[in-house]
Amino acid sequence: MYGPKDHGWIEVVAGPMYSGKTEELIRRIRRAEIAKQKVQVFKPEIDNRYSKQDVVSHAGDKIQSVPVKSSKEILEKLLDDTDVIGIDEAQFFDDFLVEIVSKIANNNRRVICAGLDMDFKGEPFGPMPKLMAIAEFVDKIQAVCMVCNNPATRTQRLINGKPAKKSDPVVLIGAQESYEARCRKCHRVPR
């Protein structure tokens, strides 16, 4: 994941909830800070589960971030001397994020995006599939299925302890009260 200083690139960390995507983003950003690189982290304003300002993992790790309403706002708030850009919860941004991330990487910067690759229905989520396609480095990580303990690649939404229906809205900000990590076999989406 390291290249010449005169080249930019895109890294994507994808997987279901509770797989450690945000922890990995924070780890990579902290390593860049140790290397004396200038970093900026962005997150969608709607992600206010644990903090309005910080990016916070389910495990409690956190790092300062800039909440933005849209992907275009990332360009507006990006400082000229930033070397490494982190973007958490990338799935919540519009498809314009793909163009913005490409533009930033084309300007010799490292961009790290973390997000859910699939929604609770098991379908590609937001700009993540396109980001994964254009990225130089993609890490698809797994959680542990909360039913059978096998590797989990999906996010199960629960409503009153039961699987959400296919007709339910895609975006619902929540944590353990609303979601579980599930494997392919244990994941359910009733019609």
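Using N, Cα and C of the backbone, Cβ positions are placed for all residues, glycine too.
Among the features that Swiss-Prot reports, active site, proton acceptor is placed at E89. Taken from Swiss-Prot, the feature ATP binding site covers G15, P16, M17, Y18, S19, G20, K21, T22, D88, E89, A90, Q91, and the record attributes it to sequence analysis. Per Swiss-Prot, Zn(2+) binding site is recorded for C145, C148, C183, C186.
Positions of Swiss-Prot features highlighted on the structure.
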| residue | record | DSSP class |
| --- | --- | --- |
| G15 | ATP binding site | strand |
| K21 | ATP binding site | helix |
| D88 | ATP binding site | coil |
| C145 | Zn(2+) binding site | coil |
| C183 | Zn(2+) binding site | coil |
Env. residues of Zn(2+) site, Cβ within 8 Å of mean position of C145, C148, C183, C186 Cβ = M146, V147, N149, N150, A152, R182, R184, K185, H187
Sparsest-packed among the binding-site residues, when each Cβ's other Cβ atoms within 10 Å are tallied, from M17, A90 = M17
May I ask which residues of the same chain, at least 6 positions away in sequence, place their Cβ under 8 angstroms from the Cβ of E89 (active site, proton acceptor)?
-> K43, P44, D47, A114, G115, L116
Span of the recorded ATP site, as the biggest CA-CA distance among G15, P16, M17, Y18, S19, G20, K21, T22, D88, E89, A90, Q91 in Å, is 16
Work out how many Å separate K21 (ATP binding site) and C145 (Zn(2+) binding site) at their Cα atoms, rounded off.
-> 16
Cβ atoms near S19 (ATP binding site) (within 10 Å, other residues, all chains) | 26
